[in-house]
Amino acid sequence: MTYFRINPVLALLLLLTAIAAALPFISYAPNRLVSGEGRHLWQLWPQTIWMLVGVGCAWLTACFIPGKKGSICALILAQFVFVLLVWGAGKAATQLAQNGSALARTSLGSGFWLAAALALLACSDAIRRISTHPLWRWLLHMQIAIIPLWLLYSGTLNDLSLMKEYANRQDVFDDALAQHLTLLFGAVLPALVIGVPLGIWCYFSTARQGAIFSLLNVIQTVPSVALFGLLIAPLAALVTAFPWLGTLGIAGTGMTPALIALVLYALLPLVRGVVVGLNQIPRDVLESARAMGMSGAQRFLHVQLPLALPVFLRSLRVVMVQTVGMAVIAALIGAGGFGALVFQGLLSSAIDLVLLGVIPVIVLAVLTDALFDLLIALLKVKRND
């Protein structure tokens, strides 16, 4: 008797995507401040119901194809669905813009967001099954964005309300990007300068680890908004006592308290990553290095540091992603960044303006995480070789 094995993950994603097709694909509103009316795919293009049925049948068939061939088919179909969703959203916005007023806005609906997320999850699951090599996985993930980026730069998506917000605020967006990157690297670099030596010191001075980690744990538990607020008064008093600090850009609000707070939040993962990375090295390895005649400095530079590097990079990845997200809150004290767009959108009830600030933050976090994943995986491959 022949048994068919089905890919349960792909089948579940297919079911959820079918449910997403029943939700509004886009939302159409007469202006940016009014709640939009949901439009389904079959309302926009009645003939698309047959395309959806065809794609669903092909996707279902891929669930039963065994091995790598099935995964490749699943990747192609899921990527096709994602590209089709992006292209369809742009075409729907253009179609509605031709029939509506210049103030009308076409936003992405819940059906689009859910279906796109599920298609990307299906792509990720298929890539995981296709290859185990980190570089190939990374390249397969990156190629998913090629066609959507081409659609973006070709102008296909220009009539979406999100793109209209970008066109109206391009200078503000560029400034926000520069400020957000300044917050990111301006916090991570000093944190590295402080955290790495502090972690090494804690490793060699185990008696002091408890006090250091207790202090850093307390800092980590303070809510970000509270810590930003606590730094305003001392910094303002410092600038009042020493006015020349103001010429250096130091103030009670703005970048200075934001950078100090972000550095403080970054210290615990970095210090702990250094200590854990050095502690996980087997003692047999250190004894072998000592037996070879290596000095303490040589053992640290040529044995301990390379072996601890993957663990440290994982901690640095956490810090980078954490800082990308927390920099959004820094806009509350005038530090700028994408958080300024988010809070402006919330205050004016403009969801598309909120998305204009949120989406780049998500993209930065995902890219940062992907780059560190690739680097860590390549280090493991090199070590195994």
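For all residues, glycine too, the Cβ spot is worked out from N, Cα and C.
Summarising the annotation, Swiss-Prot assigns topological domain 'Cytoplasmic' to 1-5 (among others) and lists a curator's inference as the type of evidence.
What Swiss-Prot lists as transmembrane segment is 6-26 (among others), and the listing cites sequence analysis.
Assigned with DSSP, the residues of the topological domain 'Periplasmic' (27-44) fall into helix, strand and coil as follows: 4 helix, 6 strand, 8 coil. Swiss-Prot lists 27-44 (among others) with the feature topological domain 'Periplasmic', giving a curator's inference as the kind of evidence.
The transmembrane segment feature in Swiss-Prot is assigned to 45-65 (among others).
In the predicted model, the topological domain 'Cytoplasmic' (66-69) has a mean pLDDT of 78. Annotation comment: Swiss-Prot describes 66-69 (among others) as topological domain 'Cytoplasmic', evidence class a curator's inference.
Annotation comment: Swiss-Prot describes 70-90 (among others) as transmembrane segment. Sequence-distant contacts of the transmembrane segment (70-90) (same chain, six or more residues past either end, CB-CB distance under 8 Å): 7, 10, 13, 17, 25-26, 41, 48, 55, 58-59, 61-64, 108, 112, 115-116, 119-120, 122-123, 125-127, 129-130, 140, 144, 147-148, 151, 156-160.
The topological domain 'Periplasmic' (91-106): residue composition by secondary structure is 9 helix, 2 strand, 5 coil, according to DSSP. According to Swiss-Prot, the topological domain 'Periplasmic' annotation covers 91-106 (among others).
Under the heading transmembrane segment, Swiss-Prot lists 107-127 (among others).
The annotation topological domain 'Cytoplasmic' is assigned in Swiss-Prot to 128-137 (among others). Through the fold, the topological domain 'Cytoplasmic' (128-137) approaches residues 68, 71-72, 75, 373-374, 377-378, 380-381 of its own chain, all at least 6 residues removed from its boundaries and within a Cβ separation under 8 Å.
Summarising the annotation, Swiss-Prot assigns transmembrane segment to 138-158 (among others) and lists sequence analysis as the type of evidence.
Within the chain carrying the topological domain 'Periplasmic' (159-180), a Cβ under 8 angstroms from the stretch's Cβ atoms is held by residues 29, 32, 89-90, 93-94, 96-97, 105-108, 324, 327, 335-341, 350, 352-353, 355-357, 359-361, 364, all 6 or more beyond its ends. Annotated topological domain 'Periplasmic' per Swiss-Prot: 159-180 (among others), in sequence order, evidence recorded as a curator's inference.
Annotated domain 'ABC transmembrane type-1' per Swiss-Prot: 177-372, in sequence order, evidence recorded as sequence analysis.
Under the heading transmembrane segment, Swiss-Prot lists 181-201 (among others), citing sequence analysis as support.
Residues annotated as topological domain 'Cytoplasmic' in Swiss-Prot, with a curator's inference given as evidence: 202-224 (among others). For the topological domain 'Cytoplasmic' (202-224), the list of distant contacts is 230, 261, 264-265, 267-268, 271-272, 274-275, 278-279, 326, 329: same-chain residues at least six beyond its ends, Cβ to Cβ under 8 Å.
Swiss-Prot lists 225-245 (among others) with the feature transmembrane segment. Taking Cβ pairs closer than 8 Å, the transmembrane segment (225-245) reaches residues 219, 251-253, 256-258, 260-261, 264-265, 329-330, 332-333 in its own chain, all 6 or more past its ends.
As annotated by Swiss-Prot, transmembrane segment applies to 248-268 (among others).
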Taking helix as H, G and I and strand as E and B in DSSP, count the residues of the topological domain 'Cytoplasmic' (269-322) in helix, strand and coil.
47 helix, 0 strand, 7 coil
Considering only the recorded stretches 107-127, 181-201, 248-268, 346-366, state which has the highest number of Cβ pairs under 8 Å to the transmembrane segment (138-158).
107-127
